[in-house]
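Note sheet for the following structure.
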Amino acid sequence: MAAVKTLNPKAEVARAQAALAVNISAARGLQDVLRTNLGPKGTMKMLVSGAGDIKLTKDGNVLLHEMQIQHPTASLIAKVATAQDDITGDGTTSNVLIIGELLKQADLYISEGLHPRIITEGFEAAKEKALQVLEQIKVSREMDRETLIDVARTSLRTKVHAELADVLTEAVVDSILAIKKQDEPIDLFMVEIMEMKHKSETDTSLIRGLVLDHGARHPDMKKRVEDAYILTCNVSLEYEKTEVNSGFFYKSAEEREKLVKAERKFIEDRVKKIVELKKKVCGDSDKGFVVINQKGIDPFSLDALAKEGIVALRRAKRRNMERLTLACGGVPLNSLDDLNPDCLGHAGLVYEYTLGEEKFTFIEKCNNPRSVTLLVKGPNKHTLTQIKDAIRDGLRAVKNAIDDGCVVPGAGAVEVAMAEALIKYKSSVKGRAQLGVQAFADALLIIPKVLAQNSGFDLQETLVKIRTEHSESGQLVGVDLNTGEPMVAAEVGIWDNYCVKKQLLHSCTVIATNILLVDEIMRAGMSSLKG
């Protein structure tokens with residue numbers, strides 16, 4: 001009897017073989033759910049929430065976040081896979097598949113009496129060797145636009161259908177190249193993702209400027225200005241209550257009038273400063289002048305600005321203030337005391353677009369924008385969500401490629417190369433740990449197998465063809481998902497991120513090892529002691 005049972009008769013315990021069986025079945029259950037998602041030919045999953053909201057997705061990360069997983073081991077694997085996505089932006093589904101397969105292969109040997117500890121030693125040796133192989137086969141190359149487009153396309157085609165992926169690829173790569181600075185880390189927050197429920201998903205485009213999700217608040221303001229100066233400020237142009245809730249006392253109506261006038265004058269002086277600056281820089285020319293303010297602008301101030309032909313937007317989001325100055329230039333101001341023409345940015349075109357109840361302000365034709373907007377369009381909400389998730393992963397894939405300075409061939413080529421190298425390496429490992437290396441090599445082959453299976457080909461036949469081709473030609477051969485035949489991934493331009501594969505090897509081995517070494521599962525929390 002388990003020791004914990006003596007202390008707490010209500011505790012649930014699974015021991016040795018039973019504990020392992022519970023864990024392996026959890027990993028395989030999760031693997032079966034995500035198996036059909038892998039690769040560009042993977043299928044969709046429809047998630048229906050308790051409130052009846054529908055989400056259509058192929059992205060493993062979204063699935064694992066949205067699914068309610070009860071089983072503790074499955075939940076642990078899901079957390080590891082989503083952490084993989086947080087770190088590298090890709091490889092979630094592969095992570096779950098490889099962990100499930102490592103446990104499945106290990107189970108074959110354990111059922112024949114091999115101790116889990118010996119298998120885990122083999123796993124560790126195999127991981128070290130696999131990382132060496134990865135170092136050898138990575139391709140260091142100049143990250144030009146062509147290469148980045150191949151990397152982004154490989155990532156995006158696994159998330160959305162091919163036609164849309166090709167549209168998004170160009171937009172994603174161009175947005176990264178626009179915000180990239182020499183020898184500085186890439187800040188993906190400088191790419192704003194704005195959604196419009198409008199037209200079809202292939203109308204998604206890159207705006208070399210900014211799109212704000214609100215418009216001017218005065219009917220007389222121009223809807224379109226060209227060659228515009230942009231003033232970004234965080235100054236209140238409305239009367240605000242004091243922060244400490246203090247009040248004023250006045251003896252008579254005259255005093256109250258004076259007080260109101262003083263308040264009004266205080267705001268009007270600020271508006272006058274803006275108007276004077278506009279007259280100074282625009283003169284009699286028909287150049288536009290746009291004020292974008294993070295705080296409020298009251299109706300009187302809006303009226304005064306509209307009379308002067310100034311377009312004013314109030315309550316802009318804080319994240320957009322930083323992007324604005326990067327896109328248009330200029331300096332954001334917290335006070336109007338040191339207002340001068342050097343503080344102004346410039347945009348070639350500013351216009352307002354109305355879509356149903358919503359208004360959007362486009363700031364375009366900026367001279368060298370360091371911040372851009374990806375305008376996502378789609379007919380309904382779940383299409384927009386799906387595209388946004390895909391774009392996020394696409395942006396990360398391009399960023400990783402630039403940061404790594406190298407890429408690895410995709411289409412299962414890396415996994416086949418590692419598996420073949422491990423089988424040769426096996427004979428140099430001492431003792432029974434060889435079996436762990438063999439299990440690791442077999443587990444890696446799940447990726448090309450599932451890619452072939454999801455494309456409708458016989459998985460064993462395809463795998464045999466690829467392995468034969470690999471050993472004969474010595475090239476990095478992957479699966480051609482259109483024909484089921486072997487192909488050289490590098491020639492076709494199918495590239496994966498190096499850091500994704502590296503992270504994959506580390507996290508899968510650690511989690512599979514930990515799960516194999518569990519020989520007792522106890523559910524003996526405080527709740528079990530009640531009653």
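Note that the numbers count up from 1, one per residue, in the order the chain is shown.
For all residues, glycine too, the Cβ spot is worked out from N, Cα and C.
The ATP binding site annotation in Swiss-Prot covers Gly39, Gly91, Thr92, Thr93, Ala411, Gly412, Asp496, Lys501 and rests on similarity to another entry. Cβ neighbour count for Gly39 (ATP binding site): 24 (other Cβ atoms within 10 Å of its Cβ, all protein chains included).
A C-beta separation below 8 Å, combined with a sequence spacing of at least six in one chain, links Gly91 (ATP binding site) to Gln84, Asp85, Val500, Lys501, Gln503, Leu504. Summarising the annotation, Swiss-Prot assigns ADP binding site to Gly39, Gly91, Thr92, Thr93, Ser94, Thr158, Lys159, Ala411, Asp496 and lists similarity to another entry as the type of evidence.
Applying an 8 A CB threshold to same-chain residues 6+ apart, the list for Asp90 (Mg(2+) binding site) reads Ser155, Asp393, Arg396, Ala397, Asn400, Asp496, Asn497, Val500. Taken from Swiss-Prot, the feature Mg(2+) binding site covers Asp90, and the record attributes it to similarity to another entry.
Sequence annotations record features per position, and here Swiss-Prot assigns SUMO2 cross-link to Lys251. The Cβ of Lys251 (SUMO2 cross-link) lies under 8 Å from the Cβ of no residue that sits 6+ residues away along the same chain. Mapped onto three states, the DSSP output places Lys251 (SUMO2 cross-link) in coil.
The N-acetylalanine annotation in Swiss-Prot covers Ala2.
Residues annotated as N6-acetyllysine in Swiss-Prot, with similarity to another entry given as evidence: Lys5 (among others).
Look at Swiss-Prot and you will find Lys199 (among others) tagged as N6-acetyllysine, backed by similarity to another entry. In the three-state DSSP reading, Lys199 (N6-acetyllysine) counts as coil. With a 10 A radius on its CB, Lys199 (N6-acetyllysine) counts 11 other CB atoms from all the protein chains.
In the three-state DSSP scheme, Ser205 (phosphoserine) falls into the strand class. Summarising the annotation, Swiss-Prot assigns phosphoserine to Ser205 and lists similarity to another entry as the type of evidence.
According to Swiss-Prot, the feature N6-acetyllysine maps to Lys287 (among others). Residues near Lys287 (N6-acetyllysine) in space but far in sequence (CB under 8 A, at least 6 apart, same chain), listed by position: Asp227, Ala228, Tyr229, Val281.
Listed in sequence order, the residues of the same chain lying 6 or more apart from Lys365 (N6-acetyllysine) and placing their CB within less than 8 Å of its CB are Arg208, Gly209, Ala347, Gly348, Leu349. Feature annotation from Swiss-Prot assigns N6-acetyllysine to Lys365 (among others); the stated evidence is similarity to another entry.
Residues or ranges marked as N6-acetyllysine in Swiss-Prot (evidence: similarity to another entry): Lys377 (among others). Taking the Cβ of Lys377 (N6-acetyllysine) as centre and 10 Å as the limit, one finds 19 other Cβ atoms among all the protein chains shown. DSSP assigns Lys377 (N6-acetyllysine) to a strand segment in the three-state reduction.
DSSP assigns Lys388 (N6-acetyllysine) to a helix. Per Swiss-Prot, the feature N6-acetyllysine maps to Lys388 (among others); the stated evidence is similarity to another entry.
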How big is the Cα-to-Cα gap, in Å, between Lys199 (N6-acetyllysine) and Gly412 (ATP binding site)?
36
Compared by Cα position, which of the recorded positions Gly39, Ser205, Lys377 is the closest one to Lys159 (ADP binding site)?
Gly39
Of the modified residues listed here (Ser205, Lys377, Lys388), which is spatially closest to Thr93 (ATP binding site) when Cα positions are compared?
Lys388
Which number gives the other C-beta atoms within 10 angstroms of the C-beta of Ala411 (ATP binding site), all protein chains shown included?
29
Whole-number Å distance between the CA of Lys377 (N6-acetyllysine) and the CA of Gly39 (ATP binding site)?
24
